[in-house]
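Copied over from Swiss-Prot, here are the features:
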type	residues	note
ACT_SITE	D633	active site, proton acceptor
COMPBIAS	889-901	compositional bias 'Polar residues'
DISULFID	C336-C364	disulfide bond
DISULFID	C367-C381	disulfide bond
DISULFID	C371-C389	disulfide bond
CARBOHYD	N149	N-linked glycosylation site
CARBOHYD	N177	N-linked glycosylation site
CARBOHYD	N280	N-linked glycosylation site
CARBOHYD	N382	N-linked glycosylation site
REPEAT	70-105	repeat '2'
REPEAT	123-158	repeat '3'
REPEAT	201-234	repeat '5'
REPEAT	290-328	repeat '7'
TRANSMEM	423-443	transmembrane segment
Amino acid sequence: MDIVPVVALCCCLVLLPSWAYGLGSMASIAVSYGEDGPVFCGLNSDGSHLVTCFGADASVVYGAPSRIPFVGVTAGDGFACGLLLDTNQPYCWGSNSYVKIGVPQPMVEGAMYSELSAGDNHLCALRTSVKGFHSVNGDTSVIDCWGYNMTATHTVTGAVSAISAGSVFNCGLFARNRTVFCWGDESVSGVIGLAPRNVRFQSIGAGGYHVCGVLENAQVFCWGRSLEMQQMSTPSSTDDGDVNIVPMDAMVSVVGGRFHACGIRSLDHQVACWGFTLQNSTLAPKGLRVYAIVAGDYFTCGVPAETSLKPMCWGHSGPLALPMAVSPGICVSDSCSHGYYEYANHGEVGSGSKTCKPANSRLCLPCSVGCPDDSYESSPCNATADRVCQFDCSKCASDECVSFCLSQKRTKNRKFMAFQLRIFVAEIAFAVILVFSVTAIACLYVRYKLRHCQCSKNELRLAKNTTYSFRKDNMKIQPDVEDLKIRRAQEFSYEELEQATGGFSEDSQVGKGSFSCVFKGILRDGTVVAVKRAIKASDVKKSSKEFHTELDLLSRLNHAHLLNLLGYCEDGSERLLVYEFMAHGSLYQHLHGKDPNLKKRLNWARRVTIAVQAARGIEYLHGYACPPVIHRDIKSSNILIDEDHNARVADFGLSILGPADSGTPLSELPAGTLGYLDPEYYRLHYLTTKSDVYSFGVVLLEILSGRKAIDMQFEEGNIVEWAVPLIKAGDISALLDPVLSPPSDLEALKKIAAVACKCVRMRAKDRPSMDKVTTALERALALLMGSPCIEQPILPTEVVLGSSRMHKKVSQRSSNHSCSENDLVDGDDQRIEYRAPSWITFPSVTSSQRRKSSASEADMDGRTTTDGRNVGSSIGDGLRSLEEEISPASPQENLYLQHNF
């Protein structure tokens with residue numbers, strides 16, 4: 001696109017009594033164009049004055065400032081500019097080599113501007129020294145320009161009310177006599193020499209090589225060059241396609257494309273276009289009423305006069321549907337002048353101020369003029385609404401009038417039928433009430449007579465026995481009903497927890513975070529607990545939200561590898577949660593604590609076991625909780641270890657409920673811990689369950705290497721940047737924790753490293769889901785253990801979601817392998833934990849059931865199954881031959897585009 005189009009249906013600035021929005025004029029909407037494709041930009045409709053862009057040119061779409069408010073916007077070839085709300089200076093973005101990103105230079109210090117206009121490769125701004133006045137003094141105006149062959153300061157005699165830009169030229173409109181003047185390159189268009197003298201305009205709109213203006217009588221006048229390459233184009237509205245041959249309709253405003261122009265009719269605010277358009281171009285929608293329009297080189301966009309305020313485009317190569325709501329005009333601080341009314345959003349009078357900032361500003365739109373021949377004016381235009389025309393059914397001359405009158409007649413018939421129906425329903429209701437009343441009176445009379453009748457002793461005895469039998473049966477049912485009640489978290493008093501922790505003394509403190517402290521306590525019944533006490537913060541609302549989030553989730557979730565919540569306390573500003581006490585602290589303390597013996601105690605088998613158990617807990621959150629739960633703070637310090645060295649996932653303060661479809665993204669502000677935070681979530685605010693997968697991948701790298709997620713004592717402080725190249729190079733030995741001796745066979749650890757590498761991929765759709773991660777880790781654990789006869793904490797098929805640990809398999813007890821009876825006795829001494837059922841979860845699913853959906857994996861991998869009689873002797877080799885299968889799972893591409901553009 002070679003032309004800069006912007007038009008709005010409202011008063012641009014405080015001192016603009018009429019419009020001058022041309023191709024490159026400033027308004028609430030603008031379009032850029034060029035080799036990289038078209039882009040539509042507009043001010044948001046929520047009154048924030050923030051700009052949003054949508055289109056093909058990434059430099060304009062992603063370069064748009066997301067937190068800077070603007071008065072209005074304009075655009076050119078590969079760039080867009082806006083007038084800053086705070087400083088009244090222009091700010092540009094995009095990829096144009098002549099108009100740089102930021103505030104254009106050179107810039108006069110302290111200069112303020114009231115109007116912008118952008119051409120193909122230049123930008124001009126109308127300077128003002130006093131806010132609200134265009135001229136430096138009463139007789140002169142200053143216009144600064146930047147860009148290709150246009151960088152200069154122009155001093156014009158006379159006050160200028162508006163400016164508009166074409167491809168290589170600029171035009172302005174004098175405020176006093178409403179005449180037009182132009183400057184720039186004359187060689188291509190001839191616009192400067194052909195500019196009319198002593199012709200008064202309400203507004204002007206420059207196109208590529210022509211200018212159109214609305215005269216004081218609302219007629220349109222155009223001058224300049226028309227397209228002569230007729231073999232490449234087809235006329236849109238006139239016989240010869242000449243842009244200078246204009247329609248006779250009265251117009252509110254006009255805009256210009258490269259070789260075409262469009263205007264808004266005063267009568268009905270519908271769009272009329274004329275001039276040349278390319279082949280296969282879409283026409284303007286018939287009957288479309290708009291608030292504002294803006295033209296590109298070969299297309300035009302408009303803001304429909306609907307409550308949605310979602311723009312639509314027509315022509316060639318432009319975006320046809322735009323999924324964003326924009327402001328229909330620029331806000332002004334003065335009251336609306338004669339011929340304008342105040343815009344009220346959603347049809348509510350006075351609510352138009354919500355689309356403007358500050359609150360005392362408003363958005364003014366021009367009134368429609370007159371009514372069609374078959375209509376009459378039922379109410380005139382006033383300060384709060386446009387004029388209203390009603391069809392005269394006795395003078396119908398259009399299809400719309402005929403259709404309206406027929407619908408009105410049908411409406412009257414329906415109203416009459418509805419009235420008759422109400423009468424009929426009332427009669428039926430009266431009859432029903434009468435019958436019911438008679439029946440009730442009869443029943444009461446019969447009951448009264450029965451109570452006062454004389455019954456025999458046998459009948460009384462029979463009735464008594466029947467009543468006793470019923471009560472007895474009812475007593476039997478009652479205990480079963482009580483058994484169905486679900487246990488909830490217990491509520492403790494603050495005094496009870498204060499006594500249990502010794503007054504929350506430092507001696508009982510076992511951990512401290514940014515928002516809470518954890519104390520060890522002993523309840524009156526001797527139960528050892530961990531009490532999490534929230535640190536009193538200034539943001540009480542946020543602290544209370546995190547407290548109730550964690551309380552709500554933990555009281556409903558039920559899994560062996562999630563931290564068990566025993567109770568809570570909320571007393572004034574005090575908020576406390578009571579958990580099971582984890583005797584061995586956190587995984588972080590073992591891997592990175594000051595005591596080196598803790599690190600040595602975690603041999604490779606225990607480390608991988610902890611990883612498998614934590615993965616199962618996260619898999620439960622993603623796959624079996626309904627709706628799914630996204631933890632958002634998976635890290636080694638939030639994986640706790642109990643007295644049996646089983647892992648528990650803890651700290652649900654940042655957790656949120658995900659959508660029922662786990663692949664659907666959420667738009668959330670980033671929350672979590674640096675080093676573990678998903679890069680895609682951090683940059684794009686694109687949150688899915690794959691964000692937890694990334695954090696868990698970092699934890700796997702910690703388990704393998706013994707290094708912190710971020711450790712600045714190393715040259716490469718980020719563990720992902722350090723570990724991933726080693727894994728891809730196959731140098732696993734350099735990755736492993738030097739504190740532990742590497743196992744004789746590194747194959748299992750190589751598989752775990754490969755899983756971690758896939759988990760920390762930059763794009764979420766390339767990461768595996770947690771069920772696939774868990775399956776791969778279970779296989780790696782089995783391969784690491786080498787044989788089912790070796791004492792192992794948990795085998796891949798021995799854990800059921802919802803129970804802590806299972807007894808060893810019966811087949812293992814009767815195995816022909818050399819397993820001693822003492823080993824079996826020790827293995828049977830396991831702690832079984834029972835939890836209340838969870839009403840937010842699906843039924844528990846075993847790891848073997850999880851893999852039933854991928855039946856015959858051995859056949860797909862080219863492996864053969866051994867005979868059942870040889871299982872005891874060959875299961876170790878069978879487990880070693882298993883290969884992990886992790887395929888990426890990602891949301892659909894259209895969802896990604898929808899949530900980011």
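Note that Cβ sites are derived from N, Cα and C of the backbone, with glycine treated the same way.
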Q: Look up C389 (disulfide bond) in the DSSP assignment and reduce it to helix, strand or coil.
A: strand
Q.
Spatial neighbours of C367 (disulfide bond) among the recorded positions N177, C336, N382, defined as Cα within 10 A: which are they?
A. N382
**Q.** Residues from the same chain, set at least six apart from the ends of the repeat '2' (70-105), whose C-beta lies under 8 A from its own
**A.** 1-2, 4, 6, 12, 24-36, 39, 41-43, 49-51, 53, 57, 59-60, 63-64, 111-123, 125, 128, 131, 146-148, 165, 330, 357
Q.
Need one number: mean pLDDT over the repeat '5' (201-234).
A. 78
Q. Which of the recorded positions N177, N382, D633 has its Cα closest in space to the Cα of C389 (disulfide bond)?
A. N382
Q. What is the nearest of the recorded positions N149, N177, N280, C364, C371 to N382 (N-linked glycosylation site), using the Cα of each?
A. C364
(Q) Using CB atoms and a 10 A radius, I'd like the single residue among the disulfide-bonded residues C336, C364, C367, C371, C381 with the highest neighbour count. (A) C364
Q.
I need the CA-to-CA distance for N177 (N-linked glycosylation site) versus C336 (disulfide bond), whole Å please.
A. 22
Q: Work through the recorded positions one by one (N149, N280, C336, C381) and name whichever has its CA nearest to the CA of C371 (disulfide bond).
A: C381
Q) Is C367 (disulfide bond) helix, strand or coil when read with DSSP? A) coil
Q. In angstrom units, rounded to an integer, how far apart are the Cα atoms of C364 (disulfide bond) and the residue listed as 'active site, proton acceptor'?
A. 49
**Q.** DSSP-derived helix, strand and coil totals, residue by residue, for the repeat '2' (70-105)
**A.** 0 helix, 20 strand, 16 coil
Q) Within the chain of N149 (N-linked glycosylation site), which residues six or more apart in sequence place their C-beta under 8 angstroms from its C-beta? A) H122, V168, D185
Q) Which residues does N280 (N-linked glycosylation site) neighbour through Cβ under 8 Å, counting only same-chain ones at least six apart? A) H316
Q) What is the Cβ neighbour count of C389 (disulfide bond) at a 10 Å cut-off, with all protein chains included? A) 18
